[in-house]
Amino acid sequence: MDRAVSQVALENDEREAKNTWRLIFRIAILLLTVVTLATSVASLVYSMGASTPSDLVGIPTRISRAEEKITSALGSNQDVVDRIYKQVALESPLALLNTETTIMNAITSLSYQINGAANNSGWGAPIHDPDFIGGIGKELIVDDASDVTSFYPSAFQEHLNFIPAPTTGSGCTRIPSFDMSATHYCYTHNVILSGCRDHSHSHQYLALGVLRTTATGRIFFSTLRSISLDDTQNRKSCSVSATPLGCDMLCSKVTETEEEDYNSAVPTLMAHGRLGFDGQYHEKDLDVTTLFEDWVANYPGVGGGSFIDGRVWFSVYGGLKPNSPSDTVQEGKYVIYKRYNDTCPDEQDYQIRMAKSSYKPGRFGGKRIQQAILSIKVSTSLGEDPVLTVPPNTVTLMGAEGRILTVGTSHFLYQRGSSYFSPALLYPMTVSNKTATLHSPYTFNAFTRPGSIPCQASARCPNSCVTGVYTDPYPLIFYRNHTLRGVFGTMLDSEQARLNPTSAVFDSTSRSRITRVSSSSTKAAYTTSTCFKVVKTNKTYCLSIAEISNTLFGEFRIVPLLVEILKNDGVREARSG
């Protein structure tokens, strides 16, 4: 009994002890809370004593300023990020791609030479300075928004003249042809010793070179190989093209006047030649009796050719034999191109009749004057596998001198305005299976040529005539989808006479401010233009090789006119130069 009572008493003591400790804990917590609260009140009182209401009002302003600084810093960092992205994601890959393209072109050229070493095709393929890598044969200005004519040529720049000039009063240098690839350029012109109208004998100057930059950054055209073809062959109307084996050239060989040639019954002799990198020239006559079986006269287009898909492509033109298969298939075919905002007032039936007659001008005995394109396989064997394409006259005007151009992945045929249509024409060209197809042309209404009435510069109606002058445009400005927007060229700014050589940038309807060679009375003739970029400086240049009158030494002097393409927003046209 006593033991049970003791056990109960012990449990009561333990319970009482627990309650005591709980009370002590609660009191301690309460005291700690009171102390903390007192400390907080004291701190708040101190803080209120140190800060006034005006101080509190300024806090949002300071926060806003801090926010602006942070935003500005972040924006600056974003600019850096954007520049890094542009460099890494856009510019560097493009530069690498351009470098790769040039290296591949050089390797291709070297491969051709190695394969043909046994045939003395030459060694040591030249190449432009690195500053030009990715700046030749490319879409130089890609711009969807700017006015095309806000781009304009600078004044002509002094540079090394790479073109020989006449050395006597009776000497004549004429008919320049130029083409430039990613590795080298090719140039040729005709030389007559006794005046420009002599058709009986001439020799041909042919040169191969590269673009260089001087220590001060100036551009010069460095001639590495050249030859004067002064033999018994009278080469005329030559076109040149830069290929992986050197400078390929297509010439006709004539001993009679142009009119006499068109009145003959057989095609004109034609030869495919090449100036190799070793400075040696080789040539082979083409089998014109087969290739031009339906022709009585056939000439290269004078303008440069183009190397495409392992073949060299040249513009050609001439007269078809009446009632031959090639002549018959074109019977009744015609095309009428119209001036911008200047409609021909003649009746439609009359326009069609005159358009059809324009292909058979009386000057050449009523022969159909036809446009064509000749492609030849580029190999160590000259004249290999020639293929002639004759486009339908539902696309092309009367046959005339021309040029094949490649810019980026696009190909074009320029056709001289020898017929009634004065504005410059560039036909888009596609190639497949050794042949070419031409499409409806780009026209440049302000890029005209002088001509005899009724086919003068302002002419707007179809007529039969043989007139005009060779002044090719070079594709310069493109949309991002690779559609052509604008060209550069040197036109003869005159209604009827070959006067006033004038350089400008042209869109489909108008032109930029201009640069004149000299006064409006300056005589001139053929011009051929090519543009390129110095990638290191991102500056675009255009070269116009122009026949300019030369009263002391020869009738004409061929001058390489060099301009930089500048940009000036809001200026449509201004006289300069």
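Even glycines carry a Cβ here, placed using N, Cα and C.
Lifted from Swiss-Prot, the feature list:
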DISULFID  Cys172-Cys196  disulfide bond
DISULFID  Cys186-Cys247  disulfide bond
DISULFID  Cys238-Cys251  disulfide bond
DISULFID  Cys344-Cys461  disulfide bond
DISULFID  Cys455-Cys465  disulfide bond
DISULFID  Cys531-Cys542  disulfide bond
CARBOHYD  Asn119  N-linked glycosylation site
CARBOHYD  Asn341  N-linked glycosylation site
CARBOHYD  Asn433  N-linked glycosylation site
CARBOHYD  Asn481  N-linked glycosylation site
CARBOHYD  Asn538  N-linked glycosylation site
REGION    124-152  region 'Important for interaction with fusion/F protein'
REGION    234-239  region 'Involved in neuraminidase activity'
TOPO_DOM  1-26  topological domain 'Intravirion'
TOPO_DOM  49-577  topological domain 'Virion surface'
TRANSMEM  27-48  transmembrane segment
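Structural mapping of features recorded in Swiss-Prot.
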residue: Cys186; record: disulfide bond; contacts (Cβ under 8 Å, 6+ apart): Phe178, Asp179, Met180, Leu206, Ala207, Leu208, Val240, Ser241, Ala242, Gly246, Cys247, Asp248, Met249, Leu275, Gly304
residue: Cys196; record: disulfide bond; contacts (Cβ under 8 Å, 6+ apart): Cys172, Arg174, Glu555, Phe556
residue: Cys238; record: disulfide bond; contacts (Cβ under 8 Å, 6+ apart): Ile175, Ser177, Thr188, Asn190, Gln204, Met249, Leu250, Cys251, Ser252, Pro300, Val302
residue: Asn433; record: N-linked glycosylation site; contacts (Cβ under 8 Å, 6+ apart): none
residue: Cys455; record: disulfide bond; contacts (Cβ under 8 Å, 6+ apart): Ser419, Tyr420, Ser422, Asn463, Cys465, Thr467, Gly468
residue: Cys531; record: disulfide bond; contacts (Cβ under 8 Å, 6+ apart): Leu140, Tyr474, Leu476, Phe488, Thr540, Tyr541, Cys542, Leu543, Ile565
residue: Asn538; record: N-linked glycosylation site; contacts (Cβ under 8 Å, 6+ apart): none
Where Cys465 (disulfide bond) sits in the secondary structure, as DSSP reduces it to three classes: coil
Cys344 (disulfide bond) to Asn481 (N-linked glycosylation site) - Cα separation in whole Å: 33
Cβ neighbour count (within 10 Å, all chains shown) around Asn481 (N-linked glycosylation site): 7
Cβ-Cβ distance under 8 Å to Cys461 (disulfide bond), same chain, at least six residues away: Cys344, Pro345, Asp346, Gln351, Met354, Tyr420, Pro454
Average model confidence [pLDDT] within the topological domain 'Intravirion' (1-26): 60
Intrachain C-beta neighbours of Asn341 (N-linked glycosylation site), sequence separation six or more, cut-off 8 angstroms: Thr509
For Cys172 (disulfide bond), the number of other Cβ atoms found within 10 Å of its own Cβ: 23
Cβ atoms near Cys344 (disulfide bond) (within 10 Å, other residues, all chains): 18
Neighbouring C-beta atoms (10 Å sphere around the C-beta of Cys465 (disulfide bond)): 21
